[in-house]
Amino acid sequence: MPNETNCTLDFEQSVQLFKEYNLFITAFLLFLTIILQYGYATRTKVIYTLKMIVLWCFWPLNIAVGVISCTYPPNTGGLVVAIILTVFACLSFVGYWIQSIRLFKRCRSWWSFNPESNAVGSILLTNGQQCNFAIESVPMVLSPIIKNGVLYCEGQWLAKCEPDHLPKDIFVCTPDRRNIYRMVQKYTGDQSGNKKRFATFVYAKQSVDTGELESVATGGSSLYT
C-alpha cells in the first residue's frame, strides 16, 4: 500500500517559511501598493501601464485559483462555494471583454480595454489628428485646455496643437452610446496677452446617439484618415 504524504504545513513550518521569504513578500506587497496607489494616467504613464497589467492579470489569476479550489475542495460545502465563485469570476471576465470590444468598435481606441473605466473621450483636431483619453464617467461638461502649445483634457497630455485646432464637437463613447459635446465657450490668452500660450475651452453635453466615431466626418474626410 503506497504511503500517503500529508502536504499540510503546521504552524512552525508556516512561520519558518514566512521568515525565509519575508523580504520577497515585503517587496512584492510594496510593489503592488505603489502600482495601485500611484498608477494614474495623469501622472506617470509607465506606472499606470504596469497597473493596467496587474489589473488584467487579476481575473485570470482568480479563475485559476477557483479551478484549483474546485479540483481540490476541502469538503462538499467548500466545493459548492468554489464553483459559485469560479463561475462568477468567469462571467465577470467574459463580460469585461464583451464590453471592451463593443467600446473598441465604437471609438477604435485601445483605451477601450482599460479595466478602470467604461468610457473613452475622443477629440478630432482640425489638423486631422485624433486624441483619445481615458475617462471614468460621462460628465455633463468637459474643459480641455492648451498650455504652452500642449493640449490637456482630464489632466492627461494629449497632443501639441494650437487653439484653432480644437473642433466644434468632441465625444465621449461608452459601449452602447456616443455622447456629443458642443463647444459653448472659449477663452484664449494669458496675462501677457499671448493667445497661443494658454487657452481654455468649455464643452457642454449636447446630445446622445448610438453612432460610431467613424461616422463623423470633418471637411469630407473620415475620422481615421
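Heads up, residue numbers simply count up from 1 along the chain you see.
Positions of Cβ are set from backbone N, Cα and C atoms, glycine also.
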Is it the case that Swiss-Prot assigns Q16 and L125 to the same side of the membrane?
no
So if I exclude everything within five residues of the ends of the transmembrane segment (52-72), which remaining residues of that chain have a CB under 8 angstroms from its CBs? That is, six or more out.
32, 35-36, 39, 78-79, 82-83, 85-86, 89-90, 92-93, 96, 114-116
